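Visitor: For reference, the structure I am asking about is given below.
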Amino acid sequence: MAEAMDLGKDPNGPTHSSTLFVRDDGSSMSFYVRPSPAKRRLSTLILHGGGTVCRVQEPGAVLLAQPGEALAEASGDFISTQYILDCVERNERLELEAYRLGPASAADTGSEAKPGALAEGAAEPEPQRHAGRIAFTDADDVAILTYVKENARSPSSVTGNALWKAMEKSSLTQHSWQSLKDRYLKHLRGQEHKYLLGDAPVSPSSQKLKRKAEEDPEAADSGEPQNKRTPDLPEEEYVKEEIQENEEAVKKMLVEATREFEEVVVDESPPDFEIHITMCDDDPPTPEEDSETQPDEEEEEEEEKVSQPEVGAAIKIIRQLMEKFNLDLSTVTQAFLKNSGELEATSAFLASGQRADGYPIWSRQDDIDLQKDDEDTREALVKKFGAQNVARRIEFRKK
């Protein structure tokens, strides 16, 4: 997996298909993720794959929880979060039932050697669980890496004890703080890319914290920041600070998100386009009218640059959506790209996983088809998205 990432452009970003969690009928799979350190990252992977994330449990949604959560396993209604990681790693949609959490799964595993002894088989697994150290699962590893990324204030934090004691108190895993520290230092440090997690100091705010730690190690290594943060709200405030402090970094991430969405196998792919948020007040020209556009007009439109007030307004809207849905910048910009920069459609998509008009979201393959000079392909797109949405997509791509 690491070798495949070396061939890509960004090992820290999602690389799986944008339709991984889209059903054959074009509808998006809906997921509910229980609060955990990995929730934000899982949400990013799900949304990048075309799925949707519910803020509360909804009918028809796939309920996700980390293995070892007593309430989730007792109900039998939850699917392991490992399902998302495995789907992303293999880049294919796997069978849900194979990842269902429940007391029966542990009992079946422990009683395979003695299928006939019900009374003895039911009693034996419990002593075996506590006879030695509890094995680390992939979900545990993700929780550790995510917790370090979101709570470590300096490189020296991971070698101290305060960080790990705080993680043990949070009850995110069943392991002691000594085991958590040992697991990270000996097996996980530097392996973030294998779990599709970036290194901690990747954002401007993280860089600022790192510089502050070098200037004042004692203040950076204090336990106070850990006490002020909660696992249910990972880095929300830090994302806001990052955008406010460095708008250039935001613009760069917008371009990166665009490139990620627009990347195709052919060499004739068009130049990167910026996100233009529109309220859809005016109806765009139809595909037929658009085809009559003069070349000179197209060149003039391409040469137009976005003004600073427009950039500021776009950043403000994106920040509001990030705060409203508790998502990262890349996920929100991807949603805008998939909805042709339409604010209303993007908001509806982030809230419910569907556009308000009932049409599907745009994928990279749809954009490739849109570039083809083929009447049948264009008619198929009009049938799929509606003539007005196709016209809006054409206008959006020009910008």
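Just so it is clear, glycine is given a Cβ too, placed from its N, Cα and C backbone atoms.
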Visitor: Which candidate in SER156, SER222, SER307 appears in Swiss-Prot with the annotation phosphoserine?
Guide: SER156
Visitor: If you check Swiss-Prot, which of SER43, SER340, SER352 turns up marked as phosphoserine?
Guide: SER43
Visitor: Which candidate in LYS9, LYS39, LYS210, LYS240 appears in Swiss-Prot with the annotation SUMO2 cross-link?
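Guide: In Swiss-Prot, LYS240 carries the SUMO2 cross-link label; others show none in the record.
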Visitor: Looking at LYS186, LYS305, LYS372, which one is marked SUMO2 cross-link in Swiss-Prot?
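Guide: According to Swiss-Prot, the SUMO2 cross-link annotation belongs to LYS372.
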Visitor: Swiss-Prot annotation SUMO2 cross-link: which of LYS208, LYS338 has it?
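Guide: Record says LYS208.
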Visitor: If you count the other Cβ atoms within 10 Å of each Cβ, which of the modified residues SER36, SER154 comes out on top?
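Guide: Within the set of modified residues, the most crowded position is SER36.
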Visitor: Could you tally the C-beta atoms, other than its own, that fall within 10 angstroms of the C-beta of SER156 (phosphoserine)?
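Guide: For SER156 (phosphoserine), the 10 Å Cβ neighbour count is 14.
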Visitor: On a count of neighbouring CB atoms within 10 A, which of the recorded sites LYS194, LYS372 is highest?
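Guide: Of the recorded sites LYS194, LYS372, the highest Cβ count within 10 Å belongs to LYS194.
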Visitor: Please report the three-state DSSP label of LYS194 (SUMO2 cross-link).
Guide: helix
Visitor: Counting by DSSP secondary structure, give me helix, strand and coil numbers for the motif 'Nuclear localization signal' (383-399).
Guide: 15 helix, 0 strand, 2 coil
Visitor: May I ask for the distance between SER43 (phosphoserine) and SER36 (phosphoserine), taken between their Cα atoms and rounded to an integer number of Å?
Guide: 11
